[in-house]
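J.: Okay, these came from TrEMBL:
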- 244-271: coiled coil (COILED)
- 287-310: region 'Disordered' (REGION)
- 289-300: compositional bias 'Acidic residues' (COMPBIAS)
- 301-310: compositional bias 'Basic and acidic residues' (COMPBIAS)
């Protein structure tokens, strides 16, 4: 486009300069043309650069040189006018080509426009492809695609929240298991057991709170699955099969990821149940030992009493 503009500006100037040279060079210039024509007076033809060479073979050439020079000037003027007319036509064609190229390339070229250019931009009629985008089928496909995108966004955000809370829940559950194992090991020392038991109660409360959040997110995941499945079915019926297929793949991927996370939680919860069972058994065993020792002490005291009576 810049080359077209430069060409349209420089070409008329060049043609005008050549016409001026042609007009200036049409002055009578008498030279000897004896070596060209030995029989009659001959005027050398005007060259393409506007030089009029007049001459004669002998003395008669000087007398006929002036009128022929005048004729050469007229011929050169006519050629100059023709060149000017051609330059005008070519300049108009260049201007039209530049405007046509700018209109044809308006979707490809990105130019910085100021407010004046935007206000002065002419209105264009609606193209056929734009008119086709306003049909009911096209609008339904667009709405279905937007619905699927929103449902996908909801599913991804709920899934991320579910996985984050699940990671925190497993971390808290590991802390509870460690504290419970330590409590089991210090059952025989009541002071240490009581100190650790307070921390265990706080950690267990936080664990239960995270577990409640996970239950709420699991319910929300169910509704997110249902929403995306309905949106995918709507897109499929509207003719957007590719979007429906992508939505179904996203659902399957989310379910697989959630199933893997749930398995990790269940494995850790089973470990917690096993640790808690061991703690309860150790506590019962300690209580039985305490009762047995108390009974033995009572029997010993009874024996001592009987012995003293005897």
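Placement of Cβ uses the backbone N, Cα and C atoms for every residue, glycine included.
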J.: Please work out the mean pLDDT for the residues of the coiled coil (244-271).
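T.: Result for the coiled coil (244-271): average pLDDT 94.
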J.: Counting only residues 6 or more past its boundaries, what in the same chain has a CB within less than 8 Å of a CB in the coiled coil (244-271)?
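T.: Same-chain contacts beyond the ends: 148, 151-152, 155-156, 159, 162-163, 166, 169-170, 173-174, 177, 214, 221, 225, 228-229, 231-233, 235-236.
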